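Working notes, beginning with the structure itself.
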Amino acid sequence: SCKSSKREWKPLEDHSCTDVPWLLLFILFCIGMGFICGFTIATGAAARLLSGYDSYGNICGQKNVKVEGIVNSGLDLTQKKYVFFLDPCNIDLVHQKIKSLALCVSACPRKELKTLADVQKFAETNGSTLCSYELQPSQYTTDPRAAKLCPKFPVPESAPIPFFHRCAPVNISCYAKFAEALITFVSDSSVLHRLISGVMTSKEIIMGLCLLSLVLSMILMVIIRYISRVLVWILTVLVILGSLGGTGVLWWLYAKQRMSASAVETQIAKENLQALLIYAISATVFTVVLLLIMLIMRKRVALTIALFHVAGKVFIHLPLLVFQPFWTFFVLILFWTYWTTVLLFLGTTGSPVPNEEGFVEFRMVGPLKYMWWYHVVGLIWISEFILACQQMTVAGAVVTYYFTREKRNLPFTPILASVNRLVCYHLGTVAKGSFIITLVKIPRMILMYIHTQLKGKENACARCMLKACICCLWCLEKCLTYLNQNAYTATAINSTNFCTSAKDAFVILVENALRVAAINTVGDFMLFLGKVLIVCSTGLAGIMLLNYQRDYTVWVLPLIIVCLFAFLVAHCFLSIYEMVVDVLFLCFAIDTKYNDGSPGREFYMDKVLMEFVENSRKSMKEAGRGGGAEGRELKPM
């Protein structure tokens, strides 16, 4: 521990494998995820999901094995490739399934059938029997069992779902229960129709506006370094005017009520006057404290502006950073698609078991039923792992940029060099960091699930405690995510394991606490203003373009879609910018701690940051106090 604290930072001098046991653990976990997928396919779950199965356990489109105790099982249904539900609109919302007898048929009814005679004629014409297997088409109109064993009338027109071989009603009005909230919102179906037609008519405009938001986000990432100073001063002026104005209004209201008070005052008037006085005093204290904080942090705000300026240069030297969100999003989509597919397989995995109605259900028994939990943990851990890989890649590229004195000597593609270092040396560190986030996220999700399940049933105290626990876990998760990101930066610099890197980064952050606060408050607000700017610009362009479209009357849905996409794109891009600023700050803090500009200990930093350091030293000399807080932060160790 003592050696670790005295160990000097040696940027990019040494590369060694870190947290190898955690990488092995993560690989074993991924093998377990692969086993679940293989198990579901081997036990026929994939075939049952894709081909469909009837209520007797037969898979449509193939020969089947007899299930003990179940009639109509073990049939040869090679010619019957589609699942048909006798009552497709009988939906169990609680268990999220269709409560209807399912059969395998050779064709879906492509027109509405109103009587048993129509069903019989359809069977004779198309060779597709829509009644249960024990009834022959000739018995449909004569056998009394047809009332239970044949479909509910009228049989809606249906078509097979692509790839999943299920007959689904063409008119989905019977599934309206699933869209209850939407139906409540737009009780008039014509409104819903106009909303959808508005989207379809303006799809070219929507795609164009989405592309515009993408371009605006890229442009903003380049120019934000030029407007950062203006944004900071706008923010500062607004905060000062807002706090002073609010306090002044409260004192004015208090003085006005005090002077206009009559001789005979009611109790309510006295209480209101007293409350107003308390509000005015509280606002005054808040304003004074806020102004003092801004006075203390004014120099740190200058550092935030300098870091934003350098971050803009980073994106010019490392243009591939701009595309980092695309790769991450693409990999996440691939993983989520795989995860959802296996989840659907799990829904049809298990042994055939007769239910109360005498039909077959597939249920997992014994330890296998806990595969669900393993699969859910895999979703969180691997998703966090992918996001952590992005953080490590960005950190590695920015660290390479910062600690390369001659920018002409940068690698051809620092991003690919960073990816190479990640894959060769630091996957174990990323696995460990993402697992820590998973450990916090799982209990929070469990508590959120309990909260939704108990909604309206629990008392006020229990509800308050649940929300407090969820909030605390959320705050802990955000703090750990920030610390993890800085730990990845420390690993990229010194090639140390996760715990050592996290401790070293934490020490640096504590030593520069005021600067961290300034960057996280002012910087985050500037990026928020950037997001608002992109959303407002895209929304305004949308209104201007939609104004020329006279074909529809409802703009709500197209504008909402465009604005949501614009915010999502802006958030993805500017979160990368925020990441770059955080990495630059840690590099800057290390640089000022271990270097002082003297021969042999030259600074690595950019000219803009060098100017900030020189200005800080000048102000300290003028004040005649070299041992102040700023002096401590810049003093070489």
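Every residue number used here counts from 1 along the chain in the order it is shown.
Backbone N, Cα and C define each Cβ position, glycine as well.
Automatic prediction, not curation, is the source of TrEMBL annotations.
What TrEMBL records for 20-42, 205-224, 230-255, 276-296, 302-322, 329-350, 370-403, 525-546, 552-574 is transmembrane segment.
Among the listed stretches 20-42, 205-224, 302-322, 329-350, the one sharing the most Cβ pairs under 8 Å with the transmembrane segment (525-546) is 205-224. Stretch with the largest number of CB pairs closer than 8 A to the transmembrane segment (302-322), among 20-42, 205-224, 329-350: 205-224. Counted as Cβ pairs under 8 Å, contacts with the transmembrane segment (20-42) are highest for 370-403 among 205-224, 276-296, 329-350, 370-403.
Two recorded stretches are said to be in contact when at least 3 C-beta pairs lie under 8 angstroms, sequence spacing 6 or more; the transmembrane segment (329-350) and the transmembrane segment (370-403) meet this definition.
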